[in-house]
Amino acid sequence: MAHKLCMIPGPVEFDSEVLQAMATPATSHVDPAFIEKFGSAIELTRKVFFAPTGQPFIIAGSGTLTWDATAANLVEPGDHVLVIVTGVFGDWFAECISVYGGKVDLLRAPFGDRPSLDQIEAALKQKPYKLVTVTHVDTSSGVLNNIEEICAIVKKVSPATLIALDGVCSVGAEAIRQDEWGIDVVMTGSQKALGVPPGLAVMVVSKRALEVALNRKSAPTTYFASFKKWLPIMQKYEARQASYFATPAVQLVLALQVSLSQLVAAQGSLDQRFAQHRAASAKVKDTLESWGLKIVPVARDRAANTLTAVYYPSGVTPAEFLGKVSGKGVLLAGGLHPEHAAKYFRVGHMNVSVVNDSMLGHLDVTLGAIKSALQECGFKL
Ligand SMILES: Cc1ncc(COP(=O)(O)O)c(C=O)c1O
């Protein structure tokens with residue numbers, strides 16, 4: 001298949017070793033060689049999430065399944081949930097929680113911004129929330145939330161409230177220390193900073209949240225995503241024993257195991273990897289701003305390091321610009337937020353496009369394509 005450089009905010013470009021791990025002959029999900037790799041992937045997930053005491057769940061599905069799993073296992077009908085909204089993924093997570101009977105309050109900021117810590121503190125004082133959810137990086141706005149500070153406020157104001165972090169566009173690239181910061185659920189999908197093809201829902205659940213899920217009054221409102229069903233399966237695979245509840249995505253798990261090994265081992269440490277994403281993000285944003293473009297987040301300290309959301313200059317239209325960039329062999333994403341979609345575009349910078357940039361040159365190729373396309377659209381840099 002003809003390939004254009006995929007610089008959207010997920011799926012991202014894949015490392016060849018990760019892809020090769022999937023090219024296996026038919027493999028049983030209880031083959032000892034697979035059990036070893038699945039067990040290893042579960043252990044590595046704990047490391048990547050900085051969650052030595054957490055329980056990983058790796059289930060066939062996409063990032064959205066981790067929302068369903070969180071809501072269906074932790075929220076009982078009538079429970080109050082506070083959703084901190086910094087883009088449309090917050091709104092959609094809220095919608096998901098409502099489906100399971102949660103009574104949702106939204107705390108939102110204007111597009112491009114995030115609620116202040118004072119606003120979050122005030123909201124938490126309104127009622128006893130069972131759960132607070134926050135999107136680390138909202139992929140629709142490119143806004144980054146300050147998770148460590150938010151967690152500290154929740155612990156101070158409402159220590160019984162569970163904290164769920166949508167890390168779909170951050171895990172593996174933005175700093176997260178799940179245990180240290182006291183996050184109860186951290187969620188992601190395989191196709192973003194983990195650099196694995198789409199198809200795996202990956203999440204780590206704290207002991208405290210697991211107890212809540214296992215001791216809830218009403219039955220979990222999900223069959224496939226039930227923690228009760230998956231917990232023994234995860235435990236067995238980790239103990240290198242065969243197990244079955246629903247067939248795992250064998251080849252994707254093999255790819256995940258390779259990708260997580262790279263994350264943990266390559267270039268020294270995960271902190272170095274986070275620093276590489278900050279540097280790549282600064283390079284993209286500095287370059288675009290030096291041409292006179294304006295990024296969507298209202299300040300750099302609120303801007304994600306995994307993608308850049310940037311406004312079109314006046315006179316440049318999405319169809320013409322994105323078509324021209326694509327013609328130069330680079331795929332970018334248009335705007336996603338329903339109210340603002342036509343005003344901005346998004347550039348993803350995660351995983352190999354960042355950590356192997358000096359070898360692959362993805363960022364320079366992408367910036368070069370953006371520059372030429374803007375000029376062809378009549379914009380004077
Ligand atoms: C922040 C965020 N949350 C959740 C999702 C949903 O993930 P998926 O598309 O893998 O279901 C996405 C997808 O882009 C996302 O960016």
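Note that Cβ sites are derived from N, Cα and C of the backbone, with glycine treated the same way.
Curation does not apply to TrEMBL; its annotations are automatic.
Because the structure is a prediction, the values reported are computed rather than measured.
Summarising the annotation, TrEMBL assigns domain 'Aminotransferase class V' to 26-337.
Within the same chain, residues at least six positions away from Lys192 (N6-(pyridoxal phosphate)lysine) with a Cβ under 8 Å of its Cβ are Pro9, Gly10, Pro11, Val12, Gly63, Val168, Cys169, Val171, Gly172, Ala173, Thr306, Gly348, Met350, Asn351. DSSP assigns Lys192 (N6-(pyridoxal phosphate)lysine) to coil in the three-state reduction, outside any helix or strand. Under the heading N6-(pyridoxal phosphate)lysine, TrEMBL lists Lys192.
Per TrEMBL, the feature substrate binding site maps to Arg346. Packing around Arg346 (substrate binding site) is summarised by its Cβ count: 22 other Cβ atoms lie within 10 angstroms of its Cβ, all protein chains included. Under the three-state DSSP scheme, Arg346 (substrate binding site) falls in the strand class.
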Subject >> Local confidence of the domain 'Aminotransferase class V' (26-337) - pLDDT mean >> reply: 97
